[in-house]
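A short worksheet on the structure shown next.
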């Protein structure tokens, strides 16, 4: 005698369960799509054109500001090549590199080919008034900690890396300014300071000798605006990445500086103007959202022009 199993009981229709499943599947797909988009946004960039009337200037000057390259971990020579090509296409009078040239995980001595590739690309930068750079905290080997918390051997190792990188850059025509300045024209002085947190930033030394010239101070960290002991006509910074990840209505989730100085045109408490670049590279995670990497092409004009 055969036994026929009864049909399984039908699963009751549960609208809430189906809605939850749809939400989970849709939410997962959305999160995945946003993740892919955030990674893609991190590798796109644009050229931002800005103007500023600078006291003391007698004729215009066009400068390009590239900052926060973070070469090494997520950024390779191909990205740097595209940035250099875009910069040269603008034919600036002056090119400035605003620090964090390499990522804190990058060991130049252990990766000589990568280091040579970086120097070769940056060596293509040419401008009538020169190419200048300053150090950022990642050039000190720091990702969010004080240099004083690092072991002595680690600090010595990174000092040697910076010395080697500085010499390599000099060989390619890029001058790193460490609390010093240069007279670029009879009406223009450029000063550059060491990193605010990891080094010893001295704006007075950087602007010493500027006289009556218009003054531009290159400083990686915009928080230098809170500690200035001099009064430059304009400060140019990076460091913040514009927050790197921004959300609609909320803005930046985290800013490694005074939140008043997240990005764009800002003023310090003394009224000194500054432009804070969103930078080009990434740190922490290889993502950006609503915060496109930028090269800033800044035209400085005489007052009233």
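Indices start at 1 and increase along the chain as displayed.
Each Cβ is built from the backbone N, Cα and C atoms, and glycine gets one as well.
Keep in mind that what you see is a predicted model, and the values were worked out from it rather than measured.
Per Swiss-Prot, the feature divalent metal cation 1 binding site maps to 68, 70, 100, 241. Residue 70 (divalent metal cation 1 binding site) is surrounded by 26 other CB atoms, counting those within 10 A of its CB over all protein chains shown. Under DSSP, residue 70 (divalent metal cation 1 binding site) is assigned to coil, being neither helix nor strand in the three-state scheme.
Look at residue 137 (divalent metal cation 2 binding site): DSSP puts it in a helix. Here Swiss-Prot flags 100, 137, 239 as divalent metal cation 2 binding site.
The signal peptide annotation in Swiss-Prot covers 1-40 and rests on sequence analysis.
In sequence order, 68, 278, 279, 281, 282, 283, 288, 291 are the residues of the chain that are 6 or more apart from residue 241 (divalent metal cation 1 binding site) and have a CB within less than 8 Å of its CB.
Residue 239 (divalent metal cation 2 binding site) carries neither a helix nor a strand DSSP state and counts as coil. In sequence order, 67, 68, 69, 70, 136, 137, 138, 139, 220, 238, 239, 279, 281, 283 make up the list of same-chain residues 6 or more apart from residue 100 (divalent metal cation 1 binding site) whose Cβ falls under 8 Å from its Cβ. Neighbour density for residue 137 (divalent metal cation 2 binding site): within 10 A of its CB lie 25 other CB atoms from the protein chains shown.
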